[in-house]
Amino acid sequence: MLDGIFSFVLLDSRDNSFIVARDAIGVTSLYIGWGLDGSVWISSEMKGLSDDCEHFESFPPGHLYTSKSRGFRRWYNPPWFSESIPSVPYDPLVLRHAFENAVIKRLMTDVPFGVLLSGGLDSSLVASITARYLAGTKAAKQWGSQLHSFCVGLEGSPDLKAAKEVADYLGTVHHEFHFTVQDGIDAIEDVIYHIETHDVTTIRASTPMFLMSRKIKSLGVKMVISGEGSDEIFGGYLYFHKAPNKEELHRETCHKIKALHQYDCLRANKATSAWGLEARVPFLDKEFIKVAMSIDPESKMIKKDQGRIEKWILRKAFDDEERPYLPKHILYRQKEQFSDGVGYSWIDGLKAHAAKHVTDKMILNASYIFPHNTPTTKEAYYYRMIFERFFPQNSARLTVPGGASVACSTAKAVEWDVAWKNNLDPSGRAALGVHLSAYDAEAPLISNVPSKVIDSIPRMVEVPGVAIHT
(Lines of atoms letter the chains of each structure in order from A and count residues from 1; the text may use other names and numbers.)
(Lines give C-alpha, C1' and ligand atoms only; values in the text may rest on other atoms or scores of the structure.)
Protein backbone atom coordinates (compact mmCIF):
# COMPACT_ATOMS: atom_id res chain seq x y z
CA MET A 1 0.00 0.00 0.00
CA LEU A 2 1.23 3.53 -0.78
CA ASP A 3 1.59 5.09 2.68
CA GLY A 4 -1.22 7.47 3.54
CA ILE A 5 -2.77 7.46 0.07
CA PHE A 6 -5.74 5.15 0.48
CA SER A 7 -8.84 5.42 2.64
CA PHE A 8 -10.05 2.25 4.36
CA VAL A 9 -12.64 0.66 6.66
CA LEU A 10 -11.71 -1.99 9.25
CA LEU A 11 -14.52 -4.09 10.77
CA ASP A 12 -14.16 -6.14 13.96
CA SER A 13 -16.57 -9.05 13.42
CA ARG A 14 -16.50 -9.92 17.13
CA ASP A 15 -18.55 -6.87 18.14
CA ASN A 16 -19.24 -5.20 14.76
CA SER A 17 -17.19 -2.17 15.79
CA PHE A 18 -15.32 -0.40 13.00
CA ILE A 19 -12.67 2.18 12.18
CA VAL A 20 -12.76 4.38 9.08
CA ALA A 21 -9.72 6.38 7.94
CA ARG A 22 -9.35 8.85 5.11
CA ASP A 23 -6.07 9.45 3.31
CA ALA A 24 -3.80 12.27 4.45
CA ILE A 25 -4.68 15.02 1.96
CA GLY A 26 -7.97 13.85 0.48
CA VAL A 27 -6.64 12.51 -2.82
CA THR A 28 -9.51 10.01 -2.88
CA SER A 29 -13.06 11.13 -2.07
CA LEU A 30 -14.90 9.94 1.03
CA TYR A 31 -18.18 10.86 2.70
CA ILE A 32 -19.86 9.88 5.98
CA GLY A 33 -23.56 9.97 6.79
CA TRP A 34 -25.91 9.15 9.64
CA GLY A 35 -29.32 7.51 9.28
CA LEU A 36 -32.39 8.22 11.39
CA ASP A 37 -31.89 4.86 13.09
CA GLY A 38 -28.39 5.83 14.24
CA SER A 39 -26.64 3.89 11.50
CA VAL A 40 -23.36 5.20 10.03
CA TRP A 41 -22.83 5.14 6.28
CA ILE A 42 -19.56 5.48 4.35
CA SER A 43 -19.32 6.16 0.63
CA SER A 44 -16.80 7.39 -1.91
CA GLU A 45 -19.63 9.39 -3.54
CA MET A 46 -22.15 11.74 -2.00
CA LYS A 47 -24.95 10.27 -4.08
CA GLY A 48 -24.47 6.95 -2.26
CA LEU A 49 -25.69 8.56 0.97
CA SER A 50 -28.31 11.08 -0.09
CA ASP A 51 -31.28 8.70 -0.07
CA ASP A 52 -30.61 6.93 3.22
CA CYS A 53 -29.00 9.49 5.51
CA GLU A 54 -30.59 12.27 7.52
CA HIS A 55 -27.27 14.10 7.42
CA PHE A 56 -24.03 13.53 5.53
CA GLU A 57 -20.75 15.41 5.07
CA SER A 58 -17.31 15.14 3.57
CA PHE A 59 -15.10 12.87 5.68
CA PRO A 60 -12.21 15.15 6.79
CA PRO A 61 -8.84 14.15 5.25
CA GLY A 62 -6.21 12.79 7.61
CA HIS A 63 -8.80 11.68 10.16
CA LEU A 64 -10.08 8.48 11.76
CA TYR A 65 -13.67 7.76 12.78
CA THR A 66 -14.39 4.99 15.28
CA SER A 67 -17.79 3.51 16.01
CA LYS A 68 -16.94 3.20 19.70
CA SER A 69 -16.14 6.89 20.19
CA ARG A 70 -18.58 8.00 17.46
CA GLY A 71 -16.20 10.82 16.67
CA PHE A 72 -13.24 11.92 14.55
CA ARG A 73 -9.57 11.94 15.51
CA ARG A 74 -6.78 13.40 13.41
CA TRP A 75 -4.08 10.85 12.54
CA TYR A 76 -2.14 13.05 10.09
CA ASN A 77 -0.62 16.01 11.90
CA PRO A 78 2.57 17.15 10.11
CA PRO A 79 4.58 20.20 11.26
CA TRP A 80 3.22 22.43 8.46
CA PHE A 81 -0.36 21.91 9.62
CA SER A 82 0.13 24.43 12.44
CA GLU A 83 1.12 27.02 9.80
CA SER A 84 4.23 27.98 11.76
CA ILE A 85 6.90 29.44 9.48
CA PRO A 86 9.60 26.85 8.57
CA SER A 87 13.29 27.71 8.32
CA VAL A 88 15.07 24.83 6.55
CA PRO A 89 17.41 26.24 3.85
CA TYR A 90 16.50 25.40 0.28
CA ASP A 91 18.55 22.52 -1.16
CA PRO A 92 17.64 21.81 -4.79
CA LEU A 93 19.04 18.25 -4.76
CA VAL A 94 17.09 17.29 -1.64
CA LEU A 95 13.88 18.55 -3.26
CA ARG A 96 14.69 16.81 -6.54
CA HIS A 97 15.38 13.44 -4.94
CA ALA A 98 12.25 13.67 -2.77
CA PHE A 99 10.05 14.19 -5.81
CA GLU A 100 11.78 11.50 -7.86
CA ASN A 101 11.11 9.06 -5.02
CA ALA A 102 7.46 10.10 -4.92
CA VAL A 103 7.06 9.39 -8.64
CA ILE A 104 8.99 6.10 -8.54
CA LYS A 105 6.80 4.90 -5.66
CA ARG A 106 3.76 5.32 -7.91
CA LEU A 107 5.22 3.14 -10.66
CA MET A 108 4.19 0.06 -8.67
CA THR A 109 1.35 -1.26 -10.78
CA ASP A 110 0.09 -4.37 -12.52
CA VAL A 111 -2.22 -2.59 -14.97
CA PRO A 112 -1.61 -0.59 -18.19
CA PHE A 113 -0.86 3.04 -17.29
CA GLY A 114 0.34 6.37 -18.61
CA VAL A 115 0.80 10.01 -17.64
CA LEU A 116 -1.44 13.05 -18.08
CA LEU A 117 0.66 15.62 -19.92
CA SER A 118 -0.55 19.20 -20.35
CA GLY A 119 2.87 20.58 -21.26
CA GLY A 120 3.01 22.64 -18.09
CA LEU A 121 5.81 22.34 -15.55
CA ASP A 122 4.15 19.90 -13.16
CA SER A 123 2.82 17.28 -15.55
CA SER A 124 5.99 17.56 -17.67
CA LEU A 125 8.21 16.81 -14.67
CA VAL A 126 6.01 13.84 -13.77
CA ALA A 127 6.30 12.55 -17.34
CA SER A 128 10.06 13.17 -17.47
CA ILE A 129 10.80 11.33 -14.23
CA THR A 130 8.46 8.47 -15.15
CA ALA A 131 10.12 8.07 -18.54
CA ARG A 132 13.58 8.22 -16.94
CA TYR A 133 12.96 5.52 -14.33
CA LEU A 134 10.35 3.30 -16.01
CA ALA A 135 12.80 0.98 -17.75
CA GLY A 136 13.96 -0.84 -14.63
CA THR A 137 10.53 -1.44 -13.12
CA LYS A 138 8.29 -4.49 -13.00
CA ALA A 139 5.63 -2.46 -14.84
CA ALA A 140 8.00 -1.98 -17.79
CA LYS A 141 8.62 -5.72 -18.04
CA GLN A 142 4.90 -6.34 -18.10
CA TRP A 143 3.67 -3.46 -20.27
CA GLY A 144 6.75 -2.20 -22.11
CA SER A 145 9.27 0.54 -21.37
CA GLN A 146 7.81 3.19 -23.69
CA LEU A 147 5.62 5.56 -21.74
CA HIS A 148 2.17 6.62 -22.98
CA SER A 149 1.14 10.26 -22.47
CA PHE A 150 -2.28 11.89 -22.82
CA CYS A 151 -3.41 15.47 -23.43
CA VAL A 152 -6.74 17.18 -24.10
CA GLY A 153 -7.59 20.60 -25.51
CA LEU A 154 -9.44 22.70 -28.03
CA GLU A 155 -7.88 22.77 -31.49
CA GLY A 156 -4.78 24.98 -31.35
CA SER A 157 -4.78 25.32 -27.55
CA PRO A 158 -1.60 26.21 -25.58
CA ASP A 159 -1.55 22.83 -23.81
CA LEU A 160 -1.75 20.73 -26.98
CA LYS A 161 1.24 22.49 -28.50
CA ALA A 162 3.41 22.35 -25.37
CA ALA A 163 2.46 18.73 -24.56
CA LYS A 164 3.38 17.55 -28.06
CA GLU A 165 6.78 19.21 -27.74
CA VAL A 166 7.43 17.57 -24.35
CA ALA A 167 6.23 14.18 -25.62
CA ASP A 168 8.60 14.39 -28.60
CA TYR A 169 11.45 15.39 -26.29
CA LEU A 170 10.80 12.46 -23.92
CA GLY A 171 9.93 9.96 -26.66
CA THR A 172 6.53 8.98 -25.27
CA VAL A 173 3.70 7.43 -27.25
CA HIS A 174 1.55 10.54 -27.26
CA HIS A 175 -2.25 10.58 -27.49
CA GLU A 176 -3.84 13.95 -28.25
CA PHE A 177 -7.57 14.36 -27.74
CA HIS A 178 -9.51 17.31 -29.13
CA PHE A 179 -12.86 18.60 -27.95
CA THR A 180 -15.03 21.55 -28.95
CA VAL A 181 -16.75 24.11 -26.75
CA GLN A 182 -20.04 22.43 -27.66
CA ASP A 183 -18.69 18.99 -26.65
CA GLY A 184 -17.87 20.42 -23.24
CA ILE A 185 -21.19 22.19 -22.84
CA ASP A 186 -23.02 18.97 -23.71
CA ALA A 187 -21.13 17.17 -20.92
CA ILE A 188 -21.70 19.74 -18.14
CA GLU A 189 -24.67 17.97 -16.53
CA ASP A 190 -22.84 14.63 -16.48
CA VAL A 191 -19.78 16.34 -15.04
CA ILE A 192 -21.72 17.95 -12.18
CA TYR A 193 -23.46 14.65 -11.44
CA HIS A 194 -20.15 12.80 -11.18
CA ILE A 195 -17.94 15.50 -9.63
CA GLU A 196 -20.66 16.48 -7.12
CA THR A 197 -19.91 20.18 -6.85
CA HIS A 198 -21.07 23.49 -8.28
CA ASP A 199 -17.72 25.22 -7.75
CA VAL A 200 -16.97 27.18 -10.91
CA THR A 201 -13.25 26.52 -11.37
CA THR A 202 -13.67 22.82 -10.55
CA ILE A 203 -16.35 22.36 -13.20
CA ARG A 204 -14.36 24.32 -15.78
CA ALA A 205 -11.35 22.02 -15.30
CA SER A 206 -13.27 18.79 -14.68
CA THR A 207 -15.10 18.84 -18.00
CA PRO A 208 -12.09 18.38 -20.34
CA MET A 209 -10.57 15.91 -17.85
CA PHE A 210 -13.85 13.96 -17.79
CA LEU A 211 -13.94 13.82 -21.60
CA MET A 212 -10.28 12.79 -21.77
CA SER A 213 -10.68 10.07 -19.12
CA ARG A 214 -13.40 8.37 -21.14
CA LYS A 215 -11.09 8.17 -24.15
CA ILE A 216 -8.12 7.00 -22.09
CA LYS A 217 -10.15 4.18 -20.56
CA SER A 218 -11.35 3.13 -24.01
CA LEU A 219 -7.72 2.46 -24.91
CA GLY A 220 -7.45 -0.10 -22.11
CA VAL A 221 -5.44 2.13 -19.77
CA LYS A 222 -6.46 1.80 -16.12
CA MET A 223 -4.14 4.17 -14.23
CA VAL A 224 -2.63 7.59 -14.91
CA ILE A 225 -0.08 9.68 -13.02
CA SER A 226 -0.95 13.36 -12.77
CA GLY A 227 0.54 16.64 -11.54
CA GLU A 228 -2.01 18.01 -9.04
CA GLY A 229 -0.79 19.62 -5.81
CA SER A 230 2.35 21.43 -6.92
CA ASP A 231 0.75 24.88 -7.15
CA GLU A 232 -0.62 24.61 -3.64
CA ILE A 233 2.73 23.49 -2.18
CA PHE A 234 4.99 25.95 -4.00
CA GLY A 235 2.72 28.95 -4.43
CA GLY A 236 2.42 28.36 -8.16
CA TYR A 237 -0.84 30.12 -8.94
CA LEU A 238 -0.32 33.50 -10.55
CA TYR A 239 -1.89 35.42 -7.68
CA PHE A 240 1.14 34.45 -5.57
CA HIS A 241 3.03 37.14 -7.50
CA LYS A 242 1.29 39.56 -5.14
CA ALA A 243 2.14 37.77 -1.88
CA PRO A 244 3.30 40.60 0.42
CA ASN A 245 5.77 38.54 2.47
CA LYS A 246 6.93 34.99 3.12
CA GLU A 247 4.67 34.57 6.16
CA GLU A 248 1.48 35.24 4.21
CA LEU A 249 2.69 33.12 1.31
CA HIS A 250 3.33 30.17 3.62
CA ARG A 251 -0.03 30.46 5.37
CA GLU A 252 -1.78 30.64 2.01
CA THR A 253 -0.03 27.47 0.78
CA CYS A 254 -1.11 25.71 3.99
CA HIS A 255 -4.71 26.80 3.46
CA LYS A 256 -4.60 25.65 -0.17
CA ILE A 257 -3.26 22.18 0.70
CA LYS A 258 -5.87 21.73 3.42
CA ALA A 259 -8.63 22.55 0.90
CA LEU A 260 -7.37 20.34 -1.94
CA HIS A 261 -9.99 17.67 -1.23
CA GLN A 262 -12.67 20.20 -2.18
CA TYR A 263 -11.04 21.30 -5.41
CA ASP A 264 -8.25 19.70 -7.49
CA CYS A 265 -8.26 16.35 -5.70
CA LEU A 266 -12.04 16.20 -6.07
CA ARG A 267 -11.66 16.85 -9.79
CA ALA A 268 -8.75 14.48 -10.41
CA ASN A 269 -10.33 11.64 -8.47
CA LYS A 270 -13.92 11.87 -9.67
CA ALA A 271 -13.36 12.92 -13.29
CA THR A 272 -11.20 9.83 -13.77
CA SER A 273 -13.00 7.33 -11.54
CA ALA A 274 -16.28 8.13 -13.31
CA TRP A 275 -14.82 6.01 -16.12
CA GLY A 276 -13.02 3.46 -13.91
CA LEU A 277 -9.64 5.17 -14.28
CA GLU A 278 -7.30 5.62 -11.30
CA ALA A 279 -5.32 8.86 -10.88
CA ARG A 280 -2.12 8.96 -8.80
CA VAL A 281 -0.61 12.27 -7.70
CA PRO A 282 3.06 12.17 -6.60
CA PHE A 283 3.19 15.84 -5.57
CA LEU A 284 0.85 14.90 -2.70
CA ASP A 285 3.10 12.16 -1.39
CA LYS A 286 3.34 12.59 2.39
CA GLU A 287 7.12 12.48 2.49
CA PHE A 288 7.48 14.91 -0.40
CA ILE A 289 5.07 17.38 1.22
CA LYS A 290 7.08 17.09 4.44
CA VAL A 291 10.26 18.07 2.59
CA ALA A 292 8.71 20.82 0.46
CA MET A 293 6.74 22.45 3.28
CA SER A 294 9.75 22.53 5.62
CA ILE A 295 11.68 24.86 3.27
CA ASP A 296 12.00 28.50 4.30
CA PRO A 297 9.16 30.15 2.30
CA GLU A 298 11.46 33.02 1.39
CA SER A 299 12.71 30.67 -1.35
CA LYS A 300 9.16 30.41 -2.71
CA MET A 301 8.69 34.17 -2.99
CA ILE A 302 8.37 35.41 -6.59
CA LYS A 303 11.01 38.03 -7.37
CA LYS A 304 11.04 39.14 -10.99
CA ASP A 305 14.11 41.34 -10.54
CA GLN A 306 16.05 38.19 -9.59
CA GLY A 307 14.55 36.06 -12.36
CA ARG A 308 12.45 34.07 -9.89
CA ILE A 309 9.03 33.27 -11.33
CA GLU A 310 6.32 31.14 -9.72
CA LYS A 311 7.58 27.72 -8.50
CA TRP A 312 11.17 28.85 -9.03
CA ILE A 313 12.52 26.42 -6.43
CA LEU A 314 10.95 23.45 -8.22
CA ARG A 315 12.18 24.61 -11.62
CA LYS A 316 15.68 25.18 -10.25
CA ALA A 317 15.76 21.72 -8.65
CA PHE A 318 15.31 20.10 -12.06
CA ASP A 319 17.47 22.48 -14.07
CA ASP A 320 20.20 19.96 -14.89
CA GLU A 321 22.62 20.98 -17.64
CA GLU A 322 24.26 17.54 -17.92
CA ARG A 323 21.12 15.40 -18.04
CA PRO A 324 18.23 17.79 -18.79
CA TYR A 325 14.81 16.72 -17.61
CA LEU A 326 13.00 19.13 -19.94
CA PRO A 327 13.70 21.81 -22.55
CA LYS A 328 14.50 25.12 -20.84
CA HIS A 329 11.48 26.99 -22.16
CA ILE A 330 9.17 24.25 -20.89
CA LEU A 331 10.92 24.13 -17.53
CA TYR A 332 10.34 27.88 -17.24
CA ARG A 333 6.92 28.08 -18.92
CA GLN A 334 4.47 30.39 -17.12
CA LYS A 335 1.80 28.76 -15.00
CA GLU A 336 -1.33 27.97 -17.03
CA GLN A 337 -4.37 26.70 -15.16
CA PHE A 338 -5.79 23.55 -16.72
CA SER A 339 -9.14 25.17 -17.54
CA ASP A 340 -7.24 27.96 -19.37
CA GLY A 341 -4.57 25.81 -20.99
CA VAL A 342 -7.08 23.58 -22.81
CA GLY A 343 -8.03 26.70 -24.81
CA TYR A 344 -8.96 30.22 -23.77
CA SER A 345 -12.29 30.10 -25.63
CA TRP A 346 -13.39 27.24 -23.36
CA ILE A 347 -14.10 29.51 -20.38
CA ASP A 348 -15.40 32.27 -22.63
CA GLY A 349 -17.80 29.74 -24.19
CA LEU A 350 -19.05 28.59 -20.80
CA LYS A 351 -19.79 32.17 -19.77
CA ALA A 352 -21.64 32.83 -23.01
CA HIS A 353 -23.64 29.62 -22.59
CA ALA A 354 -24.62 30.53 -19.04
CA ALA A 355 -25.64 34.03 -20.15
CA LYS A 356 -28.20 32.43 -22.47
CA HIS A 357 -29.74 30.48 -19.58
CA VAL A 358 -29.60 32.91 -16.66
CA THR A 359 -31.26 36.32 -16.82
CA ASP A 360 -30.27 39.50 -15.01
CA LYS A 361 -33.42 39.19 -12.90
CA MET A 362 -32.43 35.70 -11.79
CA ILE A 363 -29.07 37.03 -10.59
CA LEU A 364 -30.78 39.88 -8.71
CA ASN A 365 -32.97 37.34 -6.89
CA ALA A 366 -30.18 34.81 -6.36
CA SER A 367 -29.93 35.41 -2.61
CA TYR A 368 -33.60 34.42 -2.19
CA ILE A 369 -33.31 31.28 -4.30
CA PHE A 370 -29.89 30.23 -2.97
CA PRO A 371 -29.39 31.89 0.43
CA HIS A 372 -26.38 29.71 1.26
CA ASN A 373 -23.25 30.31 -0.82
CA THR A 374 -25.18 32.61 -3.17
CA PRO A 375 -23.89 32.57 -6.77
CA THR A 376 -22.71 36.00 -7.94
CA THR A 377 -22.26 35.30 -11.67
CA LYS A 378 -24.48 33.77 -14.31
CA GLU A 379 -22.03 30.93 -14.82
CA ALA A 380 -22.08 30.06 -11.11
CA TYR A 381 -25.89 30.33 -11.05
CA TYR A 382 -26.19 27.98 -14.01
CA TYR A 383 -24.02 25.32 -12.35
CA ARG A 384 -25.93 25.75 -9.09
CA MET A 385 -29.27 25.07 -10.81
CA ILE A 386 -27.96 21.78 -12.17
CA PHE A 387 -26.34 20.81 -8.87
CA GLU A 388 -29.55 21.45 -6.91
CA ARG A 389 -31.50 19.29 -9.32
CA PHE A 390 -29.19 16.33 -8.61
CA PHE A 391 -28.45 17.09 -4.96
CA PRO A 392 -31.30 19.07 -3.32
CA GLN A 393 -30.32 18.14 0.25
CA ASN A 394 -28.94 20.82 2.58
CA SER A 395 -26.11 18.44 3.51
CA ALA A 396 -25.04 18.43 -0.14
CA ARG A 397 -24.94 22.23 -0.29
CA LEU A 398 -22.69 22.36 2.74
CA THR A 399 -20.04 20.16 1.09
CA VAL A 400 -19.27 22.82 -1.56
CA PRO A 401 -16.86 25.64 -0.63
CA GLY A 402 -17.50 29.29 -1.46
CA GLY A 403 -15.95 32.74 -1.20
CA ALA A 404 -14.31 35.28 -3.48
CA SER A 405 -11.41 34.11 -5.65
CA VAL A 406 -8.94 35.42 -8.22
CA ALA A 407 -6.90 32.88 -10.21
CA CYS A 408 -7.83 30.13 -7.69
CA SER A 409 -6.91 32.18 -4.62
CA THR A 410 -8.56 31.94 -1.23
CA ALA A 411 -10.77 34.85 -0.21
CA LYS A 412 -7.99 36.11 2.08
CA ALA A 413 -5.48 36.38 -0.76
CA VAL A 414 -7.86 38.58 -2.79
CA GLU A 415 -6.81 41.32 -0.36
CA TRP A 416 -3.25 41.22 -1.72
CA ASP A 417 -4.18 43.48 -4.67
CA VAL A 418 -6.97 46.03 -4.49
CA ALA A 419 -7.53 45.82 -8.29
CA TRP A 420 -8.55 42.17 -8.00
CA LYS A 421 -11.66 42.92 -5.94
CA ASN A 422 -13.32 44.23 -9.11
CA ASN A 423 -12.12 41.33 -11.26
CA LEU A 424 -13.15 38.25 -9.28
CA ASP A 425 -12.79 35.14 -11.42
CA PRO A 426 -10.98 31.85 -10.69
CA SER A 427 -9.31 31.85 -14.14
CA GLY A 428 -5.58 32.53 -14.21
CA ARG A 429 -6.29 35.24 -16.77
CA ALA A 430 -7.99 37.23 -14.01
CA ALA A 431 -4.55 37.90 -12.49
CA LEU A 432 -4.26 41.29 -14.15
CA GLY A 433 -0.70 42.43 -14.67
CA VAL A 434 0.65 38.90 -14.21
CA HIS A 435 -0.77 36.49 -16.82
CA LEU A 436 0.73 37.07 -20.26
CA SER A 437 -2.75 36.69 -21.80
CA ALA A 438 -4.69 38.38 -19.00
CA TYR A 439 -8.22 39.65 -19.50
CA ASP A 440 -8.47 43.25 -20.65
CA ALA A 441 -9.77 45.06 -17.59
CA GLU A 442 -11.99 47.21 -19.81
CA ALA A 443 -13.25 44.43 -22.06
CA PRO A 444 -16.05 41.91 -21.53
CA LEU A 445 -14.89 38.45 -20.50
CA ILE A 446 -16.91 36.62 -23.17
CA SER A 447 -15.26 36.30 -26.56
CA ASN A 448 -14.20 33.97 -29.34
CA VAL A 449 -17.52 32.12 -29.42
CA PRO A 450 -19.37 32.05 -32.73
CA SER A 451 -22.88 33.44 -32.30
CA LYS A 452 -24.37 30.49 -34.18
CA VAL A 453 -23.03 28.17 -31.46
CA ILE A 454 -24.64 30.19 -28.68
CA ASP A 455 -27.92 30.76 -30.48
CA SER A 456 -28.34 27.05 -31.18
CA ILE A 457 -28.24 26.08 -27.48
CA PRO A 458 -31.66 25.28 -25.92
CA ARG A 459 -32.59 27.96 -23.40
CA MET A 460 -33.47 27.20 -19.77
CA VAL A 461 -35.68 29.23 -17.47
CA GLU A 462 -35.38 28.87 -13.70
CA VAL A 463 -38.13 28.08 -11.25
CA PRO A 464 -37.08 27.24 -7.65
CA GLY A 465 -36.07 23.57 -7.68
CA VAL A 466 -36.93 23.04 -11.36
CA ALA A 467 -35.08 23.57 -14.63
CA ILE A 468 -37.37 23.81 -17.65
CA HIS A 469 -36.18 23.60 -21.25
CA THR A 470 -37.96 25.93 -23.70
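One-based numbering along the chain as shown.
Positions of Cβ are set from backbone N, Cα and C atoms, glycine also.
For reference, TrEMBL has these:
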DOMAIN    1-70  domain 'Glutamine amidotransferase type-2'
BINDING   Leu116, Val152, Ser226, Gly227  ATP binding site
SITE      Glu228  site 'Important for beta-aspartyl-AMP intermediate formation'
Q | CB contacts for Gly227 (ATP binding site) [other CB atoms within 10 A, all chains] | A | 24
Q: Measure between the Cα atoms of every pair in Leu116, Val152, Ser226, Gly227, the residues the record assigns to ATP, and report the largest value in Å, rounded to a whole number.
A: 15
Q.
Counting by DSSP secondary structure, give me helix, strand and coil numbers for the domain 'Glutamine amidotransferase type-2' (1-70).
A. 3 helix, 26 strand, 41 coil
